[in-house]
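Only one structure is covered here, and it is reproduced in the block below.
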């Protein structure tokens, strides 16, 4: 005897209140399992609140109750997810402590658990379907839809008690080739054309790109050839025969492969006049009757009936027999007459022919057969032979030749295949019996073309190409050759071996690749398969290249005053945009090492500001698109320039009336234009409104020339280096000195007597209001010049002269400035007063006029004349040395 019991499971953290038989209430806190039972064995009515689960168990005789609890299996793991299948695994639930104690008290083994796998399509609230029920801890989920989201749960059951379902595990099946499409239908046509249309099948997660339409070309052999390949859903087939049947089938193609073909459908072109029937044949003849028969004409595809009219001519009488004919005026009544049959004495069909024999060695795809005429012709000449073949994939005999010749070449055979041939002859009475079989085996040949390979992109840079083994034509396939390329005309071999798949790495993302495969055996190389186009998925951008610094001219050009550029705190960068790999680049990230990376927009140049002067930074850049961040560029080291220098102190080291020698800073005399620290010296112009540049370079001194005497000039200086131009110094003012008077012309001498002469000279105009006085000096013999006069007069009488002495005179001008001291000018050229006897000799020999003028003027060379003379001498010497080297050394 057994009793039914209610097991109420209390969840952790909750309480359950019951009323016992004595009327008292008891509160039970979870986790717990409360058994409840009525005395008569029926299930008592009980209210189970939300969040609780009630279970029914059996109390076996002896008062033992199987301790069963709604146990949750561990959430399963989905592995090996394919397009239509998936593998689900889970772990058995652990028994709670109270169950273990219950089992231990009863000393009975735990009851076996069975599991149910429930699968729902779409969201977790969708309808569930039980796809597995058993005791295994794994299950294979079949009949799934490709590219579909699924949710699976596992529920444990012990006898009749069901546990709670596990947490759902979600997975998505893979995409695959499309479903086989529906058969195409006839949308229109004429006698020689058909317009076919079709609908797109389910693409199974990958967009359909092309459709493959095949037909049997009206041969009815079951062999199909491609007649259209493209994305359209309509195609017109032209150049067909009227009233003919054509068989079509359709397949769809996406990135995952080619679907299966649809059911073959027979379509017909419009009808024409029935074909000419063959001539009637005599079956048997009597003394007053004839039994005639003829071959039935091919029924039109439309299924219309064909009726025959038999006409006979005898001794000028013509009569015919007809049945079920439409009136001659009916436009549907079309007929054509066959050839006329002339009946002669009855003949019988010929006897059996000699069996065909092979001429030469059979080739891979053709064989030459030859035969002889039958020994018995049946009373009539043999008009034709009928050769039938069986073998390969054909299970019935097929006529391959019909004609009067005694040999025939059978082509389009399969290499390495056995064929059976039989022959019969025919005369006017009909065909004779078949000959014995002739067994022929063709030579092995190269493999057939492979089916188009199947390409699966595992990542943007990796693809798995797989293919199937084609018919080997008598010799096993030993090798496969896989070719690939970016264009269909520039393919190259990437794999050669016996495998049926190959993984290609190093592909470019978002790039189309062409694949084709061919098989090789011991006989030769088979033709290539059809080319398959595969495009790799998009990916993150490539690494940025060409990172370099911008020139200062490029940075300062076009920048307004509101955006100043400081080379000591800024770095200008430019780089080349990398390949985006199919997804447009949205931004760049500039990494400076310790600083926070700087995000910028989709630009290829950027100015980094607020940097430390004279500091080296390690910079690298990466590009980002919608798929993520690409790799960083190679690290580039760039250094900010130092701060611009402060201006030096400016001072004047030499004064003159036309020049000022200025000096600043401390430095060596020898400088180079490449020195980092350089200076710019500016002088205020005459208007006093602006400064003009006098010097720009590394030197520390500069001589300002062509100035005006006794004039004040304002100067300022600025220092600059690779960090930029520093500020200008304060304005310094320096004045030129007063200019000395020019050298006067040589004075004139006039001897008054033996002891007196008069010296005269030309006056010099005042200089800026300053008067000019003169200083006359005289020298006797080899003594020094002595001043004999100083004043403003323009003549002087020298007395106390000795007639036998030679005297030399020179004149100098002195400028009396408003402020002392006076400024003496250069002396004039000297004039000589000769002795008295030299004077007389000169008068006699030269015919001097007046006889009293014996003056010799000594002329000295100026500095410019001396420099020119030295230059001429140096040039002549150089020419002579070059001539000597040319003549004596080189020659």
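Every residue, even glycine, has its Cβ placed from backbone N, Cα and C.
The domain 'Fibronectin type-III' annotation in TrEMBL covers 72-176 (among others).
Feature annotation from TrEMBL assigns domain 'Fibronectin type-III' to 180-272 (among others).
The feature domain 'Fibronectin type-III' is assigned by TrEMBL to 352-445 (among others). As a summary of secondary structure, the domain 'Fibronectin type-III' (352-445) carries 0 helix, 40 strand, 54 coil according to DSSP.
Residues or ranges marked as domain 'Fibronectin type-III' by TrEMBL: 449-539 (among others).
For 551-643 (among others), the entry in TrEMBL reads domain 'Fibronectin type-III'.
Here the domain 'Fibronectin type-III' (644-742) returns a mean pLDDT of 87 for the predicted model. The domain 'Fibronectin type-III' feature in TrEMBL is assigned to 644-742 (among others).
What TrEMBL records for 743-838 (among others) is domain 'Fibronectin type-III'.
Sequence annotations record features per position, and here TrEMBL assigns transmembrane segment to 867-890.
In this chain, the domain 'Fibronectin type-III' (551-643) lies apart from the domain 'Fibronectin type-III' (743-838): fewer than three C-beta pairs between them fall below 8 angstroms, excluding pairs fewer than 6 positions apart. For the domain 'Fibronectin type-III' (644-742), DSSP puts the residue distribution at 0 helix, 48 strand, 51 coil.
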